[in-house]
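Enquirer: Quick one: the structure is below, and I'll ask about it shortly.
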Amino acid sequence: MSLPTPAYIFRGHKSSVNAIIFFNNDKYIASSDADGIVCIWKMKTRRSILEWKAHEAACLQGRDNAVHIWQLTLDEDNQVPEYMLIHSIEYYSLSFCRLSICQITDDTLLCLPLRGDTSLVDIYSIEQQKWVMQKIGTGDDDKHGLCMTVKLFYLMKELYILTGYEDGSVALWNVSYLNEKKLNLVWLVKEHTAPVLDVAVERNTFGFAISTSGDNQIVKYALSSQQQQQGQGQESNVVIKKSSIKKSGLAAIDIRIDGKIFATAGHDGRIRVFSCKSLQPLAILSYHRDSVYSVAFASVLEDTKDHWLIGGSKESRISLWKIY
């Protein structure tokens, strides 16, 4: 049986590709690298249509104390591709925690650690152009260490934050910032023996989340009350299932929009695809010779079209894969 091979390799970056994402109905890919370069790729032609230096240091959201918000003009309707900086946000953290974006009815919110090396995270409103809630967390830095990853999401008209920490714990927070600021810790569990490197939230029903870390464990958590009733083990109301792999170090994770499969980016250069239901491995995609830092699924799922997955690596290449 032949091993899977990439459908295409995007070459254009000259340093490690730290972040990638599909956007605009999967017609385009945005990628960023360790030199602060952002590239916009057109899926139809597999070519770069825009490239610029967005930051003076590595792009996760930037390693130069700034988050920049860009307006893009894409090459549709015979327009010339352009980019324009429309807003910048100063922050004071050089942690490795990527920001999280959540669109609500009349605003777009960002969540990230604002001030220094801390376990606390903050929420910024793009519409109001100000920090609307700060210092979210237990404040026990000595116990939990740095906040390593965060996901902000909207469920049943309420705002939630999922955070992963340096000590291997994961927490779910319910927050309110409009009329009266409120913060409620829904749960906090520790299933990893190494820092949590990424968490992903299932975006179809928002029923569960999955975490990866520097160890070899994959953990699935309940976000809804229905999922919590299906939990197993000592944390029966939170932890649904756990699984382990042979290799340690899963740097990133993405759950496909239908909630059936998820992919991980490995320090061993492998992209692994798993079942969301069982956490069992379905495929190992081997191309990259060095660490994979980011993975992303296309969001448009149609029976007549290919289902795409991309991975960005330390060796500056982006691999494109056809997934069932």
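Yeah, the Cβs are placed from backbone N, Cα and C, and that goes for glycine too.
Taken from TrEMBL, the feature repeat 'WD' applies to 10-51, 285-324.
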Enquirer: So what's the mean pLDDT when you look at the repeat 'WD' (10-51)?
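Expert: A mean pLDDT of 94 is what the predicted model shows over the repeat 'WD' (10-51).
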Enquirer: What are the DSSP helix/strand/coil residue counts across the repeat 'WD' (285-324)?
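Expert: Output for the repeat 'WD' (285-324) reads 0 helix, 22 strand, 18 coil.
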Enquirer: For the repeat 'WD' (10-51), jot down how many residues DSSP puts in helix, in strand and in coil.
Expert: 0 helix, 26 strand, 16 coil
